[in-house]
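These notes concern the structure reproduced below.
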Amino acid sequence: MQATPLPAYQRLPAGMGSRWIGDAWRLFRDYPASWVVMGVLFFVIQLVLGLIPMLGQFLAAISTPVLMAGFAVAAGRVPSGQLPRINDLFACLSADRVPPFLLLGTVYLVLSMAVYTLAFLLAAGAGFGLPGGVNAGSPMTAAMGEQLLLALLMGGIPATWLLTMAFWLAPLLVLHHRLTPLVALRLSFMASAGSFAAFAIMFVGMTVLLFLAALPFGLGLLVWVPMSLLLPVVGYRSLFAAHA
């Protein structure tokens, strides 16, 4: 049986990064109430799952893709003039649709643990050990601690960057093309790498906006969280325009 070809993606210029942010904002602005409620529900669900002893982080991680797909389902109503429905957030929770999203979340969690562990080991292997006879409270110890923290940041930031490239489009690729999790992660990474400058501008721009959103008592997160969940929608529509 002939394999189904993967959806083709476009290589886009750097300016698309800021355009994605603008498109996500306009999509949010047109239906703010719906998106705010869905964003709050997303945050609360993640928070509650994360508080479950032993399994919290695992449950929160595997639930993320299916909720992201729900945002995409809601956003898919807008081009035809329909209002996004809040219950669309749970549209992919049916028994016949949820398994690939849960598997995607599991694969992504394992991949994240592996990448961050590698980043930590590389930082720890950079030679930041305490020489014999050095007091734990000495200035030298403090300096070494600062160097270790810097090394962890230098490893953690690129790791987060690479993981985001692999994950941000993966739930939509599973939703629209029924791809397996590994194929979806790989294709998301390839599409992001093919338009790396645009992705970089979007990533940095949303990081800056996150810090700004957190300043006024975190109220800006009511906008930032839905926008971050709408970005994969607008990104998918432009990167995979032939299939959107």
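Placement of Cβ uses the backbone N, Cα and C atoms for every residue, glycine included.
Here TrEMBL flags 33-52, 58-80, 101-128, 148-175, 187-215, 221-240 as transmembrane segment.
Spatially, the transmembrane segment (33-52) is not adjacent to the transmembrane segment (187-215); fewer than three Cβ-Cβ distances between them are under 8 Å for residues at least 6 apart in sequence. Sequence-distant contacts of the transmembrane segment (187-215) (same chain, six or more residues past either end, CB-CB distance under 8 Å): 6-7, 9-18, 20-21, 161-162, 164-170, 173, 179, 221, 223-224, 227-228, 231, 235, 239-240.
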